[in-house]
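Each remark here refers to the structure printed beneath this line.
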């Protein structure tokens, strides 16, 4: 049929109107479905440069956040803050012993709701890296492997062992099939772009020889055979079999990583440790943000395109989930602290780094790399596309003590000691790893007024058994005895002493000697408490030895073996042993009496209070509680009630006056505490213990404590609210202005404003405002946030200037230059290079 041109135009118009009408008639749900269907599936591939998502090369900034270490109520805010910190990916382990604590019985609810966690990440527009295990280490009890696995006949963990492979394959398929059913893989339109099987296997591979290599090949084939449409990695595994990508773990992968084992694989950094995990008995340990930023900039300057901060938020080892001797608080010095609060300047300085690297994105992903070495201490690495304006440079000064000058393309740059300056156009410095522009915060633990009202502690003391029926001829190994059902295992034995044994010898009383493989031990003889002993994370074995008074006839020895978690690393974990190994009486008239193999031993697992569940409301009435006298022996349960701390700030309990034990709030396990194990500085490693708000009710919250040690003072315990309302700035007058002043447009770096200058930015959290300026000095002040002092040079008007810019505001910006702080245009110390130190207090408006 032939159509005239006028008719043709009319027909096109009619069709267009119909289509528009149809589109307008779609429901909002239909529109959403239509939008989602457009970009539903994502193809993830890779080459020697980067991961490629839907045909687009990506720079990936990832952070480790472990779902069981925070509560579902905390997840949204933590993920949101991670995104605001410049991350585009979240990495998590999958915890086998969380999901399958009993063989064949899976749990994916509450803090174990992996699907919910991943969907929240997806909702925030972030990618996911799923580190599947089966072994994860992670300072988590048993490295994430369930206890029951130890009791599978003929099993050897993490090697070419059929029972282990059989259970691993079953577990892996349960998890991956669940992810697939929920359409969470990128190939299905979900957020999971990368997977990991096994973890740092090279650390144990030599112990298993050929079986170790066979196991790694088997693990690789297992996940690739499931055809999930994502790449897979193995970290610290340089011989990772194709197509597996070998990735780096460590603090300085830009210098320590030998690179991918094939040219067609990208350089990925799966763990950049943001601090050092803590164990009981440790002094404080930190890693500076300057060092982290330096390491990341160096890695990206040397072909790296993916970094993961381990941890970005550490969280809490609730209940008994920490590995041996590891504190309840985990990676608290990460960019988001244990409570999910932004730890500044670590959070902000890394955010600025991500901004700077994004300005370099085109050059890093498509440019040709070049390297120049002006001196032994300096290095220039740059990427450019010939014939275009695309160019980015990294000027590195590796001198740890002094600044160095670097001449690049006709211009001289002064680079501070051990730092890297980033030039996203090969001309303009927008960021230096050693110059912190972001604000600082100091964390405050404020005693709660509501929660600390007249504690009325009641107590229940465990009976110490003198004789448990049993026929073992040696003390049973403690891991196998407790089976991860309790931290505690009782051991009893009896022995006879005659008059000849008690005859006086030079050297005084006989000595009881107990050699233990760990972790801690309490000892009674004939009902009298003799004391306790313990090992450490570095040296688990210890000896308990003490002079004792024996009686003629039968004597009764009772020992309580104590665990602080299962081991989380090493080869042959299924054969790792702990607990008392040899027991003897030295100095008897007849010589040494060996009780280890010549006596029958009785054993019992756990406390009566654990068996009855008296840590929760429904179990309280199963025992008789008495009013606390203040002279309780060890092995005592304490309970009281308290109201929730005021405000919605994070909450914690401070365990002053206590020794060692476990804490529950409303039946929820807060974790292990150990106040009596002091660091070399003479202080407990951890004092405050996080109580998530979701554990609390407005009133009458049940606090239950099991305390191992005698003579404690529970009246010294208090509840605190946690904030970061102390906000500071510490900026040198010659620092590089914030990267936020810059953007990239048409392959060029351009200033967002006409006036690019250095400023100090202070910001309160939430709806709070700056209520006081506690310190201000433009000169050469000393100290850190929360502890500043004046130096020899100080502009007298410093505090007045800061108050003018900041008081009563939620956020303020202070110009950092001489003209702002000069009085009558006079510089009282012109030869001093100035720094501005400011400390303010944030608070809520009293009217509110």
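Residue numbering: from 1, along the chain as shown.
The backbone N, Cα and C atoms fix where each Cβ goes, and this holds for glycine too.
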107, 734 - residue that Swiss-Prot labels as N-linked glycosylation site: 107
Where residue 272 (N-linked glycosylation site) falls in three-state DSSP terms: strand
Where residue 817 (N-linked glycosylation site) falls in three-state DSSP terms: coil
Candidate recorded positions 200, 271, 787, pick with smallest Cα gap to residue 303 (N-linked glycosylation site): 271
Among 107, 303, 376, 782, the most crowded of the glycosylation sites [Cβ within 10 Å]: 303
Top Cα neighbour of residue 787 (N-linked glycosylation site) in the set of recorded positions 107, 200, 271, 272, 376: 272
Rounded mean pLDDT for the residues that make up the domain 'SUEL-type lectin' (754-843): 95
When distances run from the Cα of residue 271 (active site, nucleophile) to each of the recorded positions 107, 200, 376, 398, 817, the nearest one: 200
Within the domain 'SUEL-type lectin' (754-843), residues counted as helix, strand or coil by DSSP: 13 helix, 39 strand, 38 coil
